[in-house]
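Right, one structure below, let's go through it.
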Amino acid sequence: MRPTGEDAMADHNNGDDGQLRDALEALSSDNATDMDRADIADDADTTAGADGMNGANNADGPATQHTDVAPAQGSAEPAVRTLTAEELQRKRKREKRKFRALVISMIVLLLVGLGLVLYPTVADLYNRSISSRAVASYVEAVKDTSKPERDKQLKLAHEYNETLVGQGNGRFVPNEEENKQYFSILDVTGTGIMAYLTVPKLDLRVPIYHGTSDTVLQIAAGHLEGSSFPVGGPSTHAAVSGHTGLPSAMLFTGLDRLEKGDTFSVSVYDETLTYEVSDINVVLPTDVSPLEIKEGEDLMSLITCTPYGVNSHRLIVTGHRIPTPEAHDPAKVAEKAVVKDMTLIIVAIVAVIVAVSLIFWRGRRMRQGQIKHMGAKR
């Protein structure tokens, strides 16, 4: 019977074992020389190494190629496994998604932060732009108004003012007929604008509407019903009210910075009246004594809430009429205001666009660097 491969391997191993035993006996023999011992030891090592390799081959079968590298001697960490092209592509996609999410998060945080910081400024610029356009519309409407119609409206305003003299505080509570008459006077545009106010020290130019409703005071200044129309003349006292500290508009914020000697002006039709601050009062909301009409005097008061954030009192800044110091062109004033405010708004928008673009550019540079690094590792 022909021996199989396993029988031949067993006989080979038995022969090697016998040779190893003979070598060991010779090594222990007293007659063995040092040279003999060295040769025998080398043979034993060679035989043992061959047996170990044969055992490994028998146990594992045919040799295979592994991508994992065994840990280095004395190290518990395995070597890095080389990624396949498919695995590398999946990893790149994961990294790209993570990076995109990071960039989006950064942009959102930036926009939220900029929104919180810039909202009051941008909102005020927007409101100023609206006010400037309202003033420009008023100026254009005045140009289109005939002289007879203008003279008629101014006459009605002066007659209304004359009826207020001697009424005391009761003039601030008009009846229904007086109320109807009030809203029909000086309404040039049909939108309720009767004039516009300019305060150079505050860089303020705002339309003045009939009445002091919440709707009016959210966007502009309001004429206090029961006070004189702002058309000037002896024994008149016009009063204009505006909010302080609105998040969406500055309006009368900063009115407390006005001092005696500062000026402000009001433009009605094509005439500009200038007033110099001569009196400043802080009173309770129910105290209207600073708004009294004084015989023969031409006065105008600006009113706002104080102190800021508390609003328990009213700040009343009163000025007396003085000659207008220089020629005043309402059309040019309105045009310059619109251009200036729109320029500021455009600058703010461009700043935001530049900031977002820088984030995208920086993010792309970082992502390209990551891709190059991953390709080099491959």
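Every residue number used here counts from 1 along the chain in the order it is shown.
Note: Cβ is positioned from N, Cα and C throughout, glycine not excepted.
These figures come from a predicted structure and were not determined experimentally.
Some features that TrEMBL has for this protein:
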type	residues	note
ACT_SITE	His243	active site, proton donor/acceptor
ACT_SITE	Cys305	active site, acyl-thioester intermediate
COMPBIAS	9-24	compositional bias 'Basic and acidic residues'
COMPBIAS	46-60	compositional bias 'Low complexity'
REGION	1-81	region 'Disordered'
TRANSMEM	99-119	transmembrane segment
TRANSMEM	342-361	transmembrane segment
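The separation of the residue listed as 'active site, proton donor/acceptor' from Cys305 (active site, acyl-thioester intermediate), Cα to Cα, is 7 Å. Around His243 (active site, proton donor/acceptor), the same-chain residues at least 6 positions away in sequence with a Cβ under 8 Å from its Cβ are Leu217, Gln218, Ala249, Leu251, Phe252, Thr253, Thr304, Cys305. In the three-state DSSP scheme, the residue listed as 'active site, acyl-thioester intermediate' falls into the strand class.
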